[in-house]
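Structure first, commentary second.
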């Protein structure tokens with residue numbers, strides 16, 4: 001599926017991009033939770049349009065003239081606004097859309113999801129990872145990301161479920177049903193968002209569509225893709241492929257294989273690993289001894305270690321700078337970058353420019369709603385996505401799974417264990433892949449159009465930690481070309 005194109009075009013892109021020098025910010029910062037939805041009034045104009053004129057007016061209304069602090073020389077268009085996902089309209093998801101730098105009628109549409117569940121794709125995906133801008137240390141100004149994925153595609157980021165980021169419900173405590181219905185209702189709302197967004201942007205109907213993301217998007221993406229295929233006889237969406245980085249696909253299998261990564265990177269001793277394997281084994285669980293050894297393996301609680309990239313520094317000072325830091329290189333890590341994004345998106349002039357927070361929500365924008373995560377039912381978190389992946393591949397949907405090789409949250413050892421359970425035949429053996437002469441990682445192809453790749457030196461957020469390799473990986477996938485096998 002997808003058209004073959006000459007890799008030399010991509011090689012030229014990466015050669016020119018490699019000359020760019022920008023600041024690179026990296027880490028995973030947690031924010032307190034909030035409860036969303038109480039006492040809000042919804043604007044029902046965001047829901048179904050009744051005429052082409054209304055569709056056009058809604059689209060024009062969403063056009064972002066210019067983001068505050070945006071650098072000069074930006075030619076691509078940006079949009080932001082709300083799309084209702086139920087009828088009567090009470091649940092509204094916020095989106096941020098950036099057109100491709102060099103758009104054409106064949107340029108694909110790509111949806112991006114972050115995980116959580118309960119984390120913002122606008123905050124993380126658009127402004128920290130693969131969007132066209134990143135936020136300076138002053139929390140007010142932006143700088144270009146030369147490796148933005150809108151070099152190759154039209155990029156659509158939206159925040160869901162309701163109560164995440166700027167998304168909300170006008171029905172009090174509506175968010176509570178997401179704790180009960182969780183994955184199912186989220187998938188339904190995500191589907192209705194896409195259908196209604198395409199009504200507002202009808203020029204993208206019939207385009208090749210790809211769905212990408214990371215982490216708990218390992219649930220969001222397969223479930224949305226499944227609904228799209230099941231309902232394509234009603235509303236056709238030209239889904240060509242899905243790609244998921246460091247994905248949560250089968251929590252139980254992943255949990256059994258995380259400690260191999262922890263041991264191999266020197267985070268625990270061989271003695272402790274052997275003791276853990278002995279007393280915490282599911283079949284021979286020791287109720288007295290396992291709780292004693294368990295804390296040594298709960299590295300996510302170590303405030304001195306970034307579990308999302310074990311080699312990245314942690315943020316020690318959350319204070320914004322009065323002036324932007326001087327430019328360094330895009331590969332340099334700023335562990336406090338999430339604080340800059342939070343300050344930027346909570347600015348009133350930014351919200352006004354992005355057509356966000358139009359109802360004046362009674363809480364500030366946060367990167368993650370941890371309360372929503374806490375009430376998400378365990379049965380959904382534990383559910384395996386492997387059967388859905390098999391169904392999607394059976395319908396001809398191409399699948400790319402990739403892992404940053406220094407992520408301890410969902411390490412490559414866990415993902416490879418899940419892929420092993422799929423019992424797929426390897427068609428192209430394990431081999432290195434390259435970007436601009438540098439080793440990008442390793443890859444393997446399976447039957448039925450599934451590719452797995454590791455990304456050297458990256459943590460949980462591959463487009464953040466290794467933006468050049470990430471763009472190479474993404475471009476190869478949507479062009480349906482092999483990853484370069486030679487330097």
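Positions of Cβ are set from backbone N, Cα and C atoms, glycine also.
According to Swiss-Prot, the feature signal peptide maps to 1-20, an assignment based on sequence analysis.
Within the same chain, residues at least 6 positions away in sequence whose Cβ sits under 8 Å from that of residue 119 (disulfide bond) are 164, 215, 216, 367, 368, 369. Annotation comment: Swiss-Prot describes 119-368 (among others) as disulfide bond.
Reduced to three states, the DSSP call for residue 215 (active site) is coil. For 215 (among others), the entry in Swiss-Prot reads active site.
For residue 233 (N-linked glycosylation site), applying a Cβ distance below 8 Å and a minimum sequence separation of six or more within one chain yields no residues. Residues annotated as N-linked glycosylation site in Swiss-Prot: 233 (among others).
Feature annotation from Swiss-Prot assigns disulfide bond to 280-290 (among others); the stated evidence is similarity to another entry. DSSP assigns residue 290 (disulfide bond) to a helix in the three-state reduction. Within its own chain, residue 290 (disulfide bond) has 276, 279, 280 as residues 6 or more apart in sequence whose C-beta sits under 8 angstroms from its own.
Sequence annotations record features per position, and here Swiss-Prot assigns disulfide bond to 315-336 (among others).
Marked as N-linked glycosylation site by Swiss-Prot on the basis of sequence analysis: 317 (among others). Of all Cβ atoms in the shown protein chains, 9 besides its own fall within 10 Å of the Cβ of residue 317 (N-linked glycosylation site).
All chains included, 20 other C-beta atoms sit within 10 angstroms of the C-beta of residue 357 (N-linked glycosylation site). Taken from Swiss-Prot, the feature N-linked glycosylation site covers 357 (among others).
Within the same chain, the residues at least 6 positions away from residue 407 (active site) whose Cβ sits under 8 Å from its Cβ are 246, 308, 309, 310, 458, 459, 460, listed in sequence order. Residues annotated as active site in Swiss-Prot, with sequence analysis given as evidence: 407 (among others).
According to DSSP, residue 423 (N-linked glycosylation site) sits in a coil region rather than a helix or strand. Here Swiss-Prot flags 423 (among others) as N-linked glycosylation site, drawing on sequence analysis.
Per Swiss-Prot, N-linked glycosylation site is recorded for 449 (among others), and the stated evidence type is sequence analysis. Residue 449 (N-linked glycosylation site) carries neither a helix nor a strand DSSP state and counts as coil.
Under the DSSP three-state reduction, residue 460 (active site) is assigned to coil, being neither helix nor strand. The active site feature in Swiss-Prot is assigned to 460 (among others); the stated evidence is sequence analysis.
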Those glycosylation sites of 317, 357, 423, 449 having Cα within 10 angstroms of residue 336 (disulfide bond): 317
Coarse DSSP state, helix versus strand versus coil, of residue 336 (disulfide bond): coil
Entries of 315, 317, 357, 423 which, being recorded positions, have CA atoms within 10 angstroms of residue 449 (N-linked glycosylation site): none
Nearest recorded site to residue 423 (N-linked glycosylation site) by CA-CA distance, among recorded positions 315, 317, 357: 315
